[in-house]
Amino acid sequence: MSELPGDVRAFLREHPSLRLQTDARKVRCILTGHELPCRLPELQVYTRGKKYQRLVRASPAFDYAEFEPHIVPSTKNPHQLFCKLTLRHINKCPEHVLRHTQGRRYQRALCKYEECQKQGVEYVPACLVHRRRRREDQMDGDGPRPREAFWEPTSSDEGGAASDDSMTDLYPPELFTRKDLGSTEDGDGTDDFLTDKEDEKAKPPREKATDEGRRETTVYRGLVQKRGKKQLGSLKKKFKSHHRKPKSFSSCKQPG
């Protein structure tokens, strides 16, 4: 402290929230946790800020002991505080402490703590209660779960149903000819289907083509042949017109 200039030492005395670090090169604000270079211009600019002015008015001499025994110094990190009600770490600065203590979680935990003190019951933080419930649920759910019934197709033998290989339900009944073509519906016909050879035998013989039908077919063929010849002739003409030999270059020259 004696190594600092007189104006810097006087300025730090006016602002007790600014603490000089051990290396005497930086200044730390206990209200916001900011670190500043130990120079008078930077310190003056910082103290004129709105945030610093608001915190100074709210807590001119901030005392962390007011929030004990609920908020105590952290054993893991000396620059942080620990809340026993919510089991959370807080930065060691008034702004963060005030924000935490004014929050819903802390206020709810504080009310629960006061109720437990009146009833003479030990207070257990809410997060620990949730953890215990999860562990109990996991312990209860460790047993083997009943497996769902595996789906099995119904057997084809039940109720005299047709086998799965039968494909009669996929095609119309007209495609399957029966052996008892000549028998009536009341007759004792069998349900077996005809084979390919039997199907050909069962078909009626084709009628012979008449003379008139033959004449019509010959006339039709003649017309088709004539049309084909006409089309070929027109195509040949077009091909010749497009593939004519170019005139020789000498014939294009004008006589001298």
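Note that Cβ sites are derived from N, Cα and C of the backbone, with glycine treated the same way.
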### Message
Say a student had to find the phosphothreonine annotation in Swiss-Prot: which of THR75, THR184, THR190 would be the correct pick?
### Response
THR190
#### Entry: Annotation match for phosphothreonine in Swiss-Prot, from THR195, THR217
THR195
